[in-house]
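Record features, source Swiss-Prot:
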| type | residues | note |
| --- | --- | --- |
| ACT_SITE | ARG23 | active site, proton donor |
| BINDING | ASN87, ASP103, ASP107 | Mg(2+) 1 binding site |
| BINDING | ASP105, ASP107, ASP120, GLU123 | Mg(2+) 2 binding site |
Amino acid sequence: MGFPKEGEKVQIHSYKHNGSIHRMWEETTILKGTQSLVIGANDRTVVTESDGRTWITREPAICYFHANYWFNVIGMLREEGVYYYCNLSSPFAYDSEALKYIDYDLDIKVYPDMTYTLLDEDEYEKHSQIMQYPPVIDTILKRNVAQLTQWIHQRKGPFAPDFVDMWYERYLMYRN
C-alpha cells in the first residue's frame, strides 16, 4: 500500500463491512500523505451515495485519516465555527484508485463548543447483525470511541484549536 502525495487530487471511497460501496467523494486535495497519516481538503465536491444519488458538500472540509486508528475525522468550516463529523471506520488504505475505508456506522458529531453526540447506534446494531460483524470489531470500535472522545476532551490531533484553520490555509495555496 502506497500513500498519496502532497498536492495530488484523489477520490475517497467508503465501503460497508460486506464490501459494498457506501459513499464516494469525487475530489479531495492531499495536504499531507505518509504511511500512517493522510490529511486532505475539499470544498463543494460531488458525493455519490450507494444508490447513485449525488449531492455537493456545502463548505470547506479538512479530512483526517490515520493508519493506526479506527476512525476518521472531517472538520467542516462554517460561519459559526468548526463542526466535526467523526466516522468509526477501519484504518485507511490507499491504492491508485482512491483512499478507502470501511464505515462501521457509528459517528460522533462535535459542535464548535466541543460538545458532542454519539450517532447511529441503532444502525450499528442492525448492521452488526445483518453483516455479522465479528466480536473483535465491536471491541475495537468501543475502544476507538473511547480514544476519540478522549481526543475531543483533550483537543488533541484534528481537534487541536488551530488544526483545521492551519490546514485550510495550506489548502488555499492549492486552489489558487
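Keep in mind that glycine also has a Cβ here, set from the backbone N, Cα and C atoms.
Distribution of Swiss-Prot features across the structure.
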{"residue": "ARG23", "record": "active site, proton donor", "DSSP class": "strand"}
{"residue": "ASN87", "record": "Mg(2+) 1 binding site", "DSSP class": "strand"}
{"residue": "ASP103", "record": "Mg(2+) 1 binding site", "DSSP class": "strand"}
{"residue": "ASP120", "record": "Mg(2+) 2 binding site", "DSSP class": "coil"}
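Working note on the binding-site residues ASP103, ASP105, ASP107, ASP120, GLU123: by count of other C-beta atoms within 10 Å of each C-beta, ASP105 ranks first. Shown are the recorded positions ARG23, ASN87; of these, the residue with the fewest other Cβ atoms within 10 Å is ARG23.
Of all the recorded positions given, namely ARG23, ASP105, GLU123, those whose Cα is no farther than the 10 Å limit from the Cα of ASN87 (Mg(2+) 1 binding site) are ASP105. Apart from ASN87, ASP103, ASP107, the residues listed for Mg(2+) 1, the same chain places the Cβ atoms of SER14, PHE71, ASN72, TYR85, CYS86, LEU88, SER89, TYR104, ASP105, LEU106, ASP120 within 8 Å of the centroid of those Cβ atoms.
A straight line from the CA of ARG23 (active site, proton donor) to the CA of ASP103 (Mg(2+) 1 binding site) spans 9 Å.
Straight-line distance linking the Cα atoms of ASP103 (Mg(2+) 1 binding site) and ASP120 (Mg(2+) 2 binding site), rounded to a whole number, equals 12 Å. For the pair formed by ASP120 (Mg(2+) 2 binding site) and ASP107 (Mg(2+) 1 binding site), distance between Cα atoms is given as 6 Å, rounded to the nearest Å. Apart from the site residues ASP105, ASP107, ASP120, GLU123, the chain places the Cβ of LEU88, TYR104, LEU106, LEU119, GLU121, ASP122, TYR124, HIS127 no farther than 8 Å from the centroid of the site's Cβ atoms, the recorded Mg(2+) 2 location.
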